[in-house]
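Chemist: Starting off with a structure, shown below.
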Protein chains: 10
Amino acid sequence: MSHYAEQATMLGKDVKIPQHPDEAILDAVPNPQAGTLFLARFACPEFTSLCPVTGQPDFGHLVIDYAPNQTLVESKSLKLFLGSFRNHGAFHEDCTVGIGKRIVEAVKPLWLRIGGYWYPRGGIPIDVFWQTGPVPEGLWLPDQGVPAYRGR
Amino acid sequence: MSHYAEQATMLGKDVKIPQHPDEAILDAVPNPQAGTLFLARFACPEFTSLCPVTGQPDFGHLVIDYAPNQTLVESKSLKLFLGSFRNHGAFHEDCTVGIGKRIVEAVKPLWLRIGGYWYPRGGIPIDVFWQTGPVPEGLWLPDQGVPAYRGR
Amino acid sequence: MSHYAEQATMLGKDVKIPQHPDEAILDAVPNPQAGTLFLARFACPEFTSLCPVTGQPDFGHLVIDYAPNQTLVESKSLKLFLGSFRNHGAFHEDCTVGIGKRIVEAVKPLWLRIGGYWYPRGGIPIDVFWQTGPVPEGLWLPDQGVPAYRGR
Amino acid sequence: MSHYAEQATMLGKDVKIPQHPDEAILDAVPNPQAGTLFLARFACPEFTSLCPVTGQPDFGHLVIDYAPNQTLVESKSLKLFLGSFRNHGAFHEDCTVGIGKRIVEAVKPLWLRIGGYWYPRGGIPIDVFWQTGPVPEGLWLPDQGVPAYRGR
Amino acid sequence: MSHYAEQATMLGKDVKIPQHPDEAILDAVPNPQAGTLFLARFACPEFTSLCPVTGQPDFGHLVIDYAPNQTLVESKSLKLFLGSFRNHGAFHEDCTVGIGKRIVEAVKPLWLRIGGYWYPRGGIPIDVFWQTGPVPEGLWLPDQGVPAYRGR
Amino acid sequence: MSHYAEQATMLGKDVKIPQHPDEAILDAVPNPQAGTLFLARFACPEFTSLCPVTGQPDFGHLVIDYAPNQTLVESKSLKLFLGSFRNHGAFHEDCTVGIGKRIVEAVKPLWLRIGGYWYPRGGIPIDVFWQTGPVPEGLWLPDQGVPAYRGR
Amino acid sequence: MSHYAEQATMLGKDVKIPQHPDEAILDAVPNPQAGTLFLARFACPEFTSLCPVTGQPDFGHLVIDYAPNQTLVESKSLKLFLGSFRNHGAFHEDCTVGIGKRIVEAVKPLWLRIGGYWYPRGGIPIDVFWQTGPVPEGLWLPDQGVPAYRGR
Amino acid sequence: MSHYAEQATMLGKDVKIPQHPDEAILDAVPNPQAGTLFLARFACPEFTSLCPVTGQPDFGHLVIDYAPNQTLVESKSLKLFLGSFRNHGAFHEDCTVGIGKRIVEAVKPLWLRIGGYWYPRGGIPIDVFWQTGPVPEGLWLPDQGVPAYRGR
Amino acid sequence: MSHYAEQATMLGKDVKIPQHPDEAILDAVPNPQAGTLFLARFACPEFTSLCPVTGQPDFGHLVIDYAPNQTLVESKSLKLFLGSFRNHGAFHEDCTVGIGKRIVEAVKPLWLRIGGYWYPRGGIPIDVFWQTGPVPEGLWLPDQGVPAYRGR
Amino acid sequence: MSHYAEQATMLGKDVKIPQHPDEAILDAVPNPQAGTLFLARFACPEFTSLCPVTGQPDFGHLVIDYAPNQTLVESKSLKLFLGSFRNHGAFHEDCTVGIGKRIVEAVKPLWLRIGGYWYPRGGIPIDVFWQTGPVPEGLWLPDQGVPAYRGR
Ligand SMILES: [Ca+2]
Ligand SMILES: [Ca+2]
Ligand SMILES: [Ca+2]
Ligand SMILES: [Ca+2]
Ligand SMILES: [Ca+2]
Ligand SMILES: [Ca+2]
Ligand SMILES: [Ca+2]
Ligand SMILES: [Ca+2]
Ligand SMILES: [Ca+2]
Ligand SMILES: [Ca+2]
Ligand SMILES: [Ca+2]
Ligand SMILES: [Ca+2]
Ligand SMILES: [Ca+2]
Ligand SMILES: [Ca+2]
Ligand SMILES: [Ca+2]
Ligand SMILES: [Ca+2]
C-alpha cells in the first residue's frame, strides 16, 4: 500500500458543481493495481436531472461497475460530474448510456456497465442497463441488487 | 445529450384511455443511442383487466425488458395501451404474451421479454414469462426480482 | 360453531360488478360472536378508481378494520362494492373516508377505521387514515403494517 | 426447574387427530411458574379448515397469546385440537374467536388473545383479532408481528 | 385475444374436492399461444397432505413451472387435484415428484419443473426439486425465489 | 362523492417549478370531508436542496402527516413547492421544520407533523421530526415507517 | 470513563462451561453509571437445552432486557450460565422465566424482562415473555424486534 | 404413491441421541423415484458442536443438497446424526466437509453438496461450501439462499 | 430560512480526529427553530472503540435523539468526537451513556436519548438504551428501528 | 474428525493488534481436508482503516472466499491482520485487492476472491471485487449476498 495520494486532485477540497455536464471534468488517477483484473462499483442513489419535455425534476439511482485499466475514476470528480445534471434536461435512456460513455472516455477501462434505476413517472418507472461489451473472462461481477419497483 | 424532445407526441399532454387494446396506439420514438446494445425495463405494478369467463377484475404486475433497435417505446403511449385492458377480458397466459407481441410489433426491438405476475385467484397465482428468443450476446439482463407469492 | 351459512347471499355464486358505488349493495350477515368485542380486518390490495380531473386510472391498497356489533360485513358483497369504483371518479381523501362511511352505514359496527394507501402520481403518494372515533377500550388493534413508500 | 414431566400426557407419544373439534381434548398441565405473571405465545402457521358454504379448504396462520394462571396449555394436545378442524366447516371470524374460547375454557388463563391471519379468497384476506378483556397491568405483550398481506 | 373461454370446464362453477389423487381430473385447455415458447408458473402456498407413517398433517408450499405445448393446465382443476391430497398419505420426495409427473401426463408440456418447500418436522424441513430434463434453449426461467428456512 | 374537481387549479396542467420557496404558492382546496377527523399523509422521497455552507446538493425523504380542517393541500402545488428548494440553500433541521410551518400557514390544519429523513453526509445522516402540538384525541396516526439508516 | 476493568473476573480468560445451571456462577460487576436509569439488552441467539420428556435437543433465541441498579451482569459469566443448560432438561415456559429469576437474584436490577423465542417442535413454536413488574417510569424500552415465526 | 412406509426404521419412534458421530447410524431408505434425477434439500438451522481448542459451544446452520440414487436419507436418522456432534469437538471447515462425506457414504447419491453457515466467533463467521463434483447435467439446483452475515 | 451559516465552525474544513474523548470539542450552533419543540436524530453506524480489558477493537452502531433547546449539535464536531474513541478503551454500557451525557453537557437539550447497538463478542451482543428523563409531552419520537441481532 | 488442534497458534490466547499491516503475521494451518475442493468464506463486517488523504476513518465490510490447498487461514491471525489497518492509510481499491494478495501469499490457495463493500463518503460508496483468476471447475461458489447501498 503506497504513496499515490498526491494524484487525487479534488479529494479534501471544496469544488463548485458545474452548471452543465459538458463543463464537468472527470478525473482519472493512476491505478495502483494496474495489471490486475478487478471490478470497482459506485452506487449513486442521489442523482437528479430535469425532464427535457416538461422541465420537471427527475430522480434516479445509478450504479456504475467498471474494470480499471491504467486509471481509476477519481470519486469526487465523479460526484461533481453527476451533480452537473441537476439543471440539465435528459431522457432516461439517453442519459444513462451517455453517462456511461463519458466515464469510458475519461478512464478508458477494460470494461464498464451502468444501471439506471429511475423513479416512477405516471406509475411506470424505467430502468436502463448498458455495458461496453461482453464481460471480460475471469472478472467477478456481482449482481447490482437494486430492488424491483413495486408501487405500494 | 440532444434535441429529440419533439418526437414524444403524448408526453406532457392529457390523452384519453382507449376503450379496447385494438384502439390503443403504441408510439415509437427514435432511439438516440441506436447502434448501442442496451436494455430498457418498464415496471408496471398497476395493470388490471377482466376475467373473460366471470367478468371479475384481474390484477397483475407486469415487467417489460427490451433491447431497442431504431426506436424506443414512448412511455405515455405504453401507459395508455396498458390502460386499455381495463374493461377488456383476457386470460393471463394469453394476455401477457399478447402484450409482449404488440410491443414487438410497435418498436421492432432487437429482443424483448415480458413477465406477468398475477394476483391470486382461488389461492394459486399464475406468473407468465415470455421472451422473443435467445438473449443477444453481450446484453446485460438483470433478474426482474419480483418476490415470490407466499400467501401469508 | 353453527348453521348460519344460509345468510351469506352471494358466497359461492357469480354476481356482476355494479357500475357505480350507488348501485352496489353491502350485505350484512348476523355476527355469530355478537356480544364479544373483537376486530375483523380486510386487506384489499386490488382497488382501482378513476381520477375525477384527468380520467386516468388510480390504484390503491385499502385496509379496513372494524369491531362488529350485530352484523358482519359479507365479504363477497364487499368485493363487489369495491369493484364498483372501477369506472368511477373519486379523489383519494374523499374516496377513502367515503368507503369507510358506507361500511359503517351497512353493518353499524361498534367502531371502524380505514387506511387508504395510494400509488404515487407525480412522485408523491397520498395515504389516508380515518376512524369513527376513539378506539373502544379493551379492543385489540394491531398496526396495519403497510410499508412506507420509498420511491426506489 | 423441576419434576413435572409426568403431567404431559401426550408428549412423546403418537396420538390420532380427532375428526371434529368437539372430540378433541385440550390438556392443561400444572404451571410451574404459577403466581408469576408472564405470557406464552403459540404460532400456528399450518391451520386449515373447510369453508362451510362451498366446502373448499381454507388456510390460516393463528397466533395465540395467553397469561397462564394455574395451568399451561399442553402443546401436543393443542396441535391435535387445531388439527381437528381439518375436515370441519367454519367461518373465519367465528372459528378464530371460537378457538380462543375453547382454550380459555381448558386452561382458565388470567388473560388470552388470538389473532387469525387467513389466506386470501377472492383477493381480500380477513384477519381476526380477539382478546378476553383489557391487558393485565404489568404483563409484557409484544406485537404479533405477522406481515400485512400485499397481494404481490 | 380470443374466444376460447368455453374450454374451461370448471372455471366459475363449484366442484367438490376429490377424495383421492387418483379420482382427480387435471384438465387441459387449448393453448392460445401454442407455437410460442413461454413459461407459466403456479405458486401453491396452501398444500397439505398426511404423513404416511404417523397420519399427522404435513404442509408444503409448491411452485410449478412449465413450458406449455398444445395445452395449458386449467387452474381450477389444478386446485382440485392439489386439494385431493388433503386426506392422503405421501412422503415429501415422492409426493413432489409424483405431482410433477401427473401434470406432465395431463398437459404434455415441452418441459416442466416442480419445487416442493415443506414445513419443518423435527426442526429439519425438506425441499424437493425436480425437472423433466434440460431447460429448453431460449426459455426464460426465473428463480422460484422461495426464502430459505431459518428456524427463528 | 361529488363535483369539487374545479377547485384543483393546477391538476392536469403544466406549471413551472418556482425558483425560490418564497415564490411558490401552496394551494388549498375545500375539504369534502370537513367536520370529519382524519389524517392525510404525503410521502416525498425525491426532495433535494443545497447545503448553505458548501453549495453541495443535499437529498432527503420527507413524510408529511396532517389532519385537515376546512381545506386540503392541493398535491400538485405541494410538488412545486418542494421542487422550489432545488437550487436553494437550507440546513436540515431548519428546512424540515420550515416546510411544515409553510403548509400549516397554507391549509390551517387541525394538526400536522413532518419527518425529514436526510441522506448521509460524512457517514452520519440526520432525521428531523416536528409536530404542531399534541396529537388530537381520536386521530389515527400510524408510524411513518421509514427504515433506519444502516450504512452498509 | 474509568478504571473498573479489574472487576471483570472472567473477561479475557478461558473458563469451562458448567455442567448444570446450579453450578454456574453469574457475576455482577459494579455499575459505573449507577444512579442513572438506563436499559441493557443481551441478545442470545445460540441457546440450547434438552427436552425433559424426550431428551431431544431444544433450541431458543433469548433476549434479556434489564435496568441495572448497583451492578451489571458480567457478560462472560452470562454466556457460561446459558451454556450450562446444554445438557440439562427444561420446559420452555419454566426455563425462560427461571433464567430471568436467576439473573434478578445475581444483579438485583431495578427491573428485568426476558423473551424466549423457541424453535418449532411439531410445527408450533412457543415464545415466552416475562418481566419483573411494571416498567419503571422514564425507562426507554424498545421492542425486542424478533421476527414472528412463519413456517415457510 | 405407495407402501414403502415400513422401511423408515426410526420415524414415529423415540430414539436416543448418540454420544459421538461414530456411534450414529445414518439410515438409507429405498428411493421410490429411483431413476429420476431430482434434488432433495435439508435445512438444519439447529446444529451445535464444541470448539476443539477451547471446548466452547459452536453453532451453525447447515444446508444439505443431494441428488438421490437408489436410496434416500432417512430424515430422523439424519437428525440424530447431527445431534451426535453436540458434545463433540470439531473445526468448522473439517466438520462441514466431514458431515457431507458421511452422508455420501451412507446413501451413495449421484451428487451432493453441503453449506455450513457458522455463527461468528471474534466477529468473523466462517461459511464452508463443498460439493462432490460438477453438478449433474439437467439437475435443478436452486441457490441455498442463506442471508449474508452483517454484524448489526 | 436564514443567514446562520457562519456559526458552523468546522463544516467544510478539514479537522484532525482528536486522540482522546477529553480532547474533543462538541460544538453547539444556534437553533434557528428555538422555541419550537422538535426532535433531531443522528444515526452513527461507524463507531469503534477498544475493549478496556483485552485492547481488542469494539464496533457499535449509535443512534442519538434529542430535542434541541437554544442550540443544535454541530454535526462535524459530533463526528470528530465519536472518532476520538477510536483508540480509547471503554465498556459498552458506560461508553453509551457517557457519550449521551457529553452531548447533554454541550448543547443542553430539552431532552435526549441514545441507543448503542454493539457488535457481538462471544455470540451475545449488548444494546444500551438511555434517556435523560420522561419524554417531553407533545414531542414526536419515532422508534429507532435498528434490527434485532439474529446471529445467522 | 481429528487431532490438529495444536496447530492453531493463536486460538484461545490474547494477542495484541499489530500497529501496521506489515507487522501482522497471517498464520496458515494444515488443511485437514487437503485434496478435497471446497470453499471457505470469511465475513468481516468490522473493518476500519484511515483515508490516506484526509486521515479520516473509513469503514468497510469485507467478504473473503477461497479454495484452500494445503493450508487454511488461521482465523484469529486473520482478525489481527485486519485489525492492523486500524491506524493505517489506504485507498479502497488498493486496500481491498492488497488484502486479497496478502492472504494468497500466506496460504497459497487454489483460488481466492475478495469483495470490499465500503461505507459512503460524499454519498457514493465504492465496492471492490477481485479474484485470482477463473473459478476452478467444480467449485461451489455462492453469491456473497451483501445488499446494495440505497442511501435512505
Ligand atoms: Ca434512491
Ligand atoms: Ca401491486
Ligand atoms: Ca385466493
Ligand atoms: Ca408516479
Ligand atoms: Ca403460513
Ligand atoms: Ca385472491
Ligand atoms: Ca406457505
Ligand atoms: Ca418442527
Ligand atoms: Ca429516497
Ligand atoms: Ca456520506
Ligand atoms: Ca437463532
Ligand atoms: Ca439459525
Ligand atoms: Ca463475534
Ligand atoms: Ca453498522
Ligand atoms: Ca460472537
Ligand atoms: Ca457492516
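Cβ coordinates come from backbone N, Cα and C, glycine included.
Below are the features listed in TrEMBL for this protein:
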{"type": "ACT_SITE", "residues": "F:CYS51", "note": "active site, thioimide intermediate"}
{"type": "ACT_SITE", "residues": "F:ASP58", "note": "active site, proton donor"}
{"type": "BINDING", "residues": "F:VAL73, F:GLU74, F:SER75, F:HIS92, F:GLU93", "note": "substrate binding site"}
Chemist: Give the residue from the recorded positions F:CYS51, F:VAL73 that has the most other Cβ atoms within 10 Å of its Cβ, counting over every protein chain displayed.
Modeler: F:VAL73
Chemist: Please report how many Å separate the Cα atom of F:SER75 (substrate binding site) from that of F:ASP58 (active site, proton donor), as a whole number.
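Modeler: Rounded to the nearest whole number, the Cα-Cα distance is 23 Å.
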Chemist: Going through the recorded positions F:CYS51, F:ASP58, F:SER75 in sequence order, which have a CB under 6 Å from an atom of ligand 6?
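Modeler: The ones that qualify number zero, so the answer is none.
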Chemist: Please give me the CB contact count at 10 A for F:GLU93 (substrate binding site), counting all chains in the structure.
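Modeler: Summing over all protein chains shown, F:GLU93 (substrate binding site) has 25 other Cβ atoms within 10 Å.
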Chemist: Can you tell me whether DSSP puts F:ASP58 (active site, proton donor) in helix, strand or coil?
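Modeler: It is in a strand.
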Chemist: DSSP three-state call for F:VAL73 (substrate binding site): helix, strand or coil?
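Modeler: Strand, per DSSP.
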Chemist: How big is the gap, in Å, between the Cα of F:GLU74 (substrate binding site) and that of F:ASP58 (active site, proton donor), rounded to a whole number?
Modeler: 25
Chemist: Closest of the recorded positions to F:ASP58 (active site, proton donor), Cα to Cα, picking from F:CYS51, F:VAL73, F:HIS92, F:GLU93?
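Modeler: For F:ASP58 (active site, proton donor), the closest Cα among F:CYS51, F:VAL73, F:HIS92, F:GLU93 is found at F:CYS51.
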Chemist: Under 8 Å Cβ to Cβ from F:HIS92 (substrate binding site), same chain, six or more residues apart: give me those in sequence order, or none if nothing qualifies.
Modeler: F:ASP58, F:GLY60, F:GLY116, F:TRP118, F:ILE126, F:VAL128
Chemist: Listing the recorded positions F:ASP58, F:VAL73, F:GLU74, F:SER75, which lie under 8 Å (Cβ to Cβ) from chain I?
Modeler: none
Chemist: To the nearest whole angstrom, state the Cα distance for the pair F:GLU93 (substrate binding site) and F:CYS51 (active site, thioimide intermediate).
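Modeler: For F:GLU93 (substrate binding site) versus F:CYS51 (active site, thioimide intermediate), the Cα atoms are 12 Å apart.
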Chemist: Quick one: pull the CA-CA distance for F:VAL73 (substrate binding site) versus the residue listed as 'active site, thioimide intermediate', whole Å only.
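Modeler: Just about 27 Å between their Cα atoms.
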Chemist: Counting across all protein chains present, how many other Cβ atoms fall within 10 Å of the Cβ of F:GLU74 (substrate binding site)?
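Modeler: Cβ-Cβ neighbours of F:GLU74 (substrate binding site) within 10 Å number 21.
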Chemist: Could you tally the C-beta atoms, other than its own, that fall within 10 angstroms of the C-beta of F:ASP58 (active site, proton donor)?
Modeler: 23
Chemist: In whole Å, could you give the widest CA to CA gap in the substrate site formed by F:VAL73, F:GLU74, F:SER75, F:HIS92, F:GLU93?
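Modeler: It comes out at 25 Å between the most distant Cα atoms.
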